[in-house]
Amino acid sequence: MADFLPSRSVLSVCFPGCVLTNGEAEQQRKSKEIDKCLSREKTYVKRLVKILLLGAGESGKSTFLKQMRIIHGQDFDQRAREEFRPTIYSNVIKGMRVLVDAREKLHIPWGDNKNQLHGDKLMAFDTRAPMAAQGMVETRVFLQYLPAIRALWEDSGIQNAYDRRREFQLGESVKYFLDNLDKLGVPDYIPSQQDILLARRPTKGIHEYDFEIKNVPFKMVDVGGQRSERKRWFECFDSVTSILFLVSSSEFDQVLMEDRQTNRLTESLNIFETIVNNRVFSNVSIILFLNKTDLLEEKVQVVSIKDYFLEFEGDPHCLRDVQKFLVECFRGKRRDQQQRPLYHHFTTAINTENIRLVFRDVKDTILHDNLKQLMLQ
């Protein structure tokens, strides 16, 4: 006698909910998979270390983010390096135009009067052209201007203008690129890692970089530091684990590009005061990066910080005295001195090894301070 096998319809009547159609089974499988994904996402979000890079414009935030990519992620491949070439060419042309203009305004004579023609050529460069307006210059165009740029950089008038650069706005990497014109002038020039770190383009909008360290997910967020970009900062404040506040420590004698009046260090102090006393960040680790130590070390030899900050006491030409003063200035901006300790580091963002060592300490500080929240115990 053949075994009696009840039909699907009989089973569904006797045991409702136990028999699924193929479509229902697939739907249930997808639902379970979605639940697993949501659970993993929830765990990821709880363990995520979200680090916000804040600071005034040109403090080194974007350079620091590039270093994170080099140290903890994929290095810049050839295609990524090539993408920086138009930016570097733009940095050079823009920098030389600034120097030519400064030489004239400062009434510095040409070393060779024939270079007036080269200067005129640079000043006639169309900055409103589509690519130039975006901070990029094609190789073909750059090579047309290269002989004039080289002749100008060798002129004593331009060199004298450069020596007085704190009297006007000049990018800090301009000298590096002008000293390497032979390399930049090769038609198939590929930017090196150091070239990329020194390439300057203002940050517009929000840039994020994700990486992992020992199975701990990190998200680093860079937001433009110019005044026009700071309104975007509030978009990034949610679920912040730590803030790295970068300061260009060498700019105590310079003014903002935005208004050409406000002292840059004073601007950084004002921004920091707003951030460090914001209740939103009462449980957030705030770490101060006094950046551009290499430039500060050079500057204190020839410029007295006391001329700009009368309250300074100590030797204005002693790096340690100046650094101690800077730390005290930022510590003094905290209204509640009993809140979390303010960690600080002296950094040089273009130095990969320096940033590697500093971030190792920063990472340990962040993980230690947020152990419970990150569920790492």
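From the backbone N, Cα and C atoms, a Cβ is placed for every residue, glycine too.
Annotation comment: Swiss-Prot describes CYS14 (among others) as S-palmitoyl cysteine.
Annotated S-palmitoyl cysteine per Swiss-Prot: CYS18 (among others), in sequence order, evidence recorded as similarity to another entry.
The region 'G1 motif' annotation in Swiss-Prot covers 50-63, and the record cites sequence analysis as its basis. Helix, strand and coil content of the region 'G1 motif' (50-63), in residues and according to DSSP, is 3 helix, 5 strand, 6 coil.
Under the three-state DSSP scheme, THR203 (phosphothreonine) falls in the coil class. Positions annotated as phosphothreonine by Swiss-Prot: THR203.
The region 'G3 motif' annotation in Swiss-Prot covers 218-227.
Within the model, the region 'G4 motif' (287-294) shows a mean pLDDT value of 96, rounded to a whole number. Residues or ranges marked as region 'G4 motif' by Swiss-Prot: 287-294.
Residues 55, 59-60, 64, 172, 242-251, 272, 323, 326-327, 330, 342-351, 358, 362, 365-366 of the same chain sit 6 or more residues outside the region 'G4 motif' (287-294) yet have a Cβ under 8 Å from a Cβ within it. Within its own chain, the region 'G1 motif' (50-63) has Cβ neighbours under 8 Å at 172, 197-198, 200-203, 207, 218-227, 229, 233, 236-237, 239-248, 251, 256-258, 264, 267-268, 271, 275, 289, 291-292, 347, 349-350, 366, counting only residues six or more beyond its boundaries.
DSSP labels the residues of the region 'G4 motif' (287-294) in these numbers: 2 helix, 5 strand, 1 coil. With a 10 A radius on its CB, THR203 (phosphothreonine) counts 19 other CB atoms from all the protein chains.
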